[in-house]
Structures are given as structure tokens and as C-alpha cells.
Amino acid sequence: MPTESGSCSTARQAKQKRKSHSLSIRRTNSSEQERTGLPREMLEGQDSKLPSAVRSTLLELFGQIEREFENLYIENLELRREIDTLNDRLAAEGQAIDGAELSKGQLKTKASHSTSQLSQKLKTTYKASTSKIVSSFKTTTSRAICQLVKEYIGHRDGIWDVSVARTQPVVLGTASADHTALLWSIETGKCLVKYAGHVGSVNSIKFHPSEQLALTASGDQTAHIWRYVVQLPTPQPVADTSQQISGEDEIECSDKDEPDVDGDVSSDCPTIRVPLTSLKSHQGVVIAADWLVGGKQAVTASWDRTANLYDVETSELVHSLTGHDQELTHCCTHPTQRLVVTSSRDTTFRLWDFRDPSIHSVNVFQGHTDTVTSAVFTVGDNVVSGSDDRTVKVWDLKNMRSPIATIRTDSAINRINVCVGQKIIALPHDNRQVRLFDMSGVRLARLPRSSRQGHRRMVCCSAWSEDHPICNLFTCGFDRQAIGWNINIPALLQEK
């Protein structure tokens, strides 16, 4: 009974301290204007070449930093008092257990363990608070460097894939679960062509390297090659969306908040219903397809655990690539060499080498602990892989035993894409975010997302278009829209 009474007394004291601490914080916040008023007046009175809006923003940011660190200091003092109280209590308890005194070494060990736990709590609190400050800077920087330019709205279901034509005229292609693929004017956002030849979800779209041909993969167990002819409309002035949001608008959005589609936007554009060529050999969903260098062959990846290599002119199956233990999730070809990489739910991705026509070799990369959602080539001998295990790994093809860089994130990663010229990786996430990293794993930016702009559901894919003057990054998601972004790459790399 005496022990319980002492514990209750200690608990009341701790509660009073926390209450006192809470009141001190409220007081600190309520008097912040008085504390910051004098420095602000002094700074505003000084000569400066900075615009008044920029100076005001800087003053506000530094005020936030001061408040954060003041709160940290108060919490630090409180935690230190708790450590001292705990040590005193342990010392008292150590002398009363079973009427025998604990040895000095045992008491020190027990107190050290408790102190270590509280020290860890202090470090976690500090890290979380400082991360919040850093995030506020990154958000401001990202908003200035990454601007939403155009939204492409017209699909009736989620968009799985997005791609940019490699020949003139440069158009945007989207593949959707609504059984269609659409081609868009990048500048105006107008739908130019609708492909309706599949009877299942269209899971990927890729453009021919030199002709006006598109390759689509579908849940109907086929891949189609179809020709398109488009005439670009006259571009309209692009609205400036960079001023439409503020820091307070960076909020979560409901999954139900999806763009409204008034009627069928694609009903007025030409519709293609019959492909030039249909590639049929799979016994399951064809999840992805791509052109080999030169465009004379195409590769497909399927849920039947195989990848197939076809001759485009004859539609004949050249190779069936087997070896994966579970469904394939993606395939990608090298831009200049006859190399193919396939990824799978079996946590691996495989490199297939067709540079020697007589034989093809395969290398297996093991490094992820969950489904490899995609693996893509970069310039040189590197491959970048993304996974549901929330990591992205950069690999050197000459050394497959371990990655040369690992990026750890807070959400599963979908179909990644690499800006080849600048070596910037775009990571679309399940949690609706899109983040940009360099090849060494340094985070560069996060695309702005708010109640007014950005994706409202899972982001499925990203695609770079380095030479386009208006939009150089595109993303698509299960909110039925694709988005064109302008990324100021020189400023982005300078911030790094």
C-alpha cells in the first residue's frame, strides 16, 4: 500500500509537470508576436535588394524555426527532469526490494537502461521536429521548381500507364482500365485519338522509336500494334497554377475527390478499333510491352510468368522467356542495345541479353523483399528497380551482387521512370505522392499536391519528356487523370 501511494503521488507530480509544460507552450505561442515584433521592424528598416514578399516569407520561416527550437528546448528540459526523477526512484526502489540492497552495479545497469530509453525518446522527438522544419523548406522549394501545367481528363477509369511519343508530332499517350488508350495534345490537353481495339484493361502504352505506331498491352491476353495519324490543335495560353496554392493548402484529399468528367471527352476524336498487328501467345493478362531498339521486335510481359519476344512484321513468336516463379509486373528495353529487363512478383528482376543473335543470356537480380513493380534502364550500365517493399535500388550491370545505391521511402513504389540526360528518378507512390531523387539516392523534390491540384488517388506511373518546352514530366493515377508538370531541372540540381 505505501508503494502504491508513492506511485500515485509520483504520477500526479508528472501530470502536473506535463500540464505546466503544456501551459508554457501555449503562452509561448500566444506571445510570439511580441517577441518577433522588434526584430521584424529592425529587419524591415534595413536596406535590402530582396522583394518585400520574399523578405516576408523568410521572416515567417525563421519565426517558425525559432518556435520549433524553443519547443524542443522546453521538451529537452522536461525530459531531463524526468530522467533525474526516474533515477531517484530507481535508487529508492533498489534499497527496498526484499529488504536487501541492490548492488551498485545492478542499480547502475537498471538506471542506465531507463535513461537510454528516455534518451532515445528525446532523439526521436528532436528528429521529428527538425524533419518538420526541413519539410517546410522542401515544400516551398518544390512548389517553385515543380509546377503543374496541364491536366488530361477524359478516361472513365484509372490510368495505368503514360508515355510520350519519340517522333514528331510529339503527343501524350495514356492506357486505362476503361479498355481504351488515348492520345493527347500536350499543349492543349485535347484528346486527339482514341484506340478501342482491346476488350480488356489497357495496361501499358509505348510509342515506336521512329514511326507513328503505338504498342499497347491488355488484360485480354494480347498486345496490339496500331498506327495513328494526328493533327495538333493550335496551342492556347497556359494558365499559371503556381500561385493557386499556399503552404496551408498542402492537405490530404479524400479518395472520392476525383476529377469530374462531363460526358465522354474522347467521343469527338477519331476512334481506331482494328490493330495493324495482334500479338497472341500468352495465357494470362499482358501487363506490359515495349519496343526493342530499332523497332523491328517487341517484348511483352504477362501474368502467365513469361515474357515473349515477337517479330513485329510477321507477328511470330521469336523467344519465350521463362524463369520467373510468379507473375510478371513490367518489362523495359535498353534505348541503344538489345537488352530487356523483366520484373516480377517473385521479388526479382531479370536481365535478358539478345545482342548475340544465336544465344540469349539471363542474369537474375535479387535484392528486394517484395514484388518488384518495375525495373528500367538508364544511360550506361545501370538499372533502377522499384518495389512494394518501399525501396528503390540502383544497380551496376557489371556487379550484380549488391546495389550501388538504395532509396528508402514510406510507401510502395509503382512504375518508375528515369530522366536519362539528367539522371533524375521519378517515383510514383501508392500514397499519392511523386518524389524526385538523383542516382545516388539524394532526394531532390516532391511534386506539389493539395486540395486543388495533384493526384487524389494512387499514382501508377511517371514518364519524362526531356526536350518538350512546356511539360517535361508526366504522371498518371487511379484518379482517372494524367498530369503534365514543368520541372525546372537546372534549379532543381542547384538546390541539391
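Heads up, the Cβ atoms here are built off N, Cα and C, so glycines get one too.
Taken verbatim from TrEMBL:
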COILED    69-96  coiled coil
COMPBIAS  32-47  compositional bias 'Basic and acidic residues'
COMPBIAS  247-265  compositional bias 'Acidic residues'
REGION    1-49  region 'Disordered'
REGION    237-267  region 'Disordered'
REPEAT    152-194  repeat 'WD'
REPEAT    195-226  repeat 'WD'
REPEAT    279-320  repeat 'WD'
REPEAT    321-362  repeat 'WD'
REPEAT    365-405  repeat 'WD'
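When averaged over the repeat 'WD' (195-226), pLDDT in the model lands at 98. When the stretches 279-320, 321-362, 365-405 are ranked by Cβ pairs under 8 Å to the repeat 'WD' (195-226), first place goes to 279-320.
The helix, strand and coil residue counts that DSSP assigns across the repeat 'WD' (195-226) are 0 helix, 18 strand, 14 coil.
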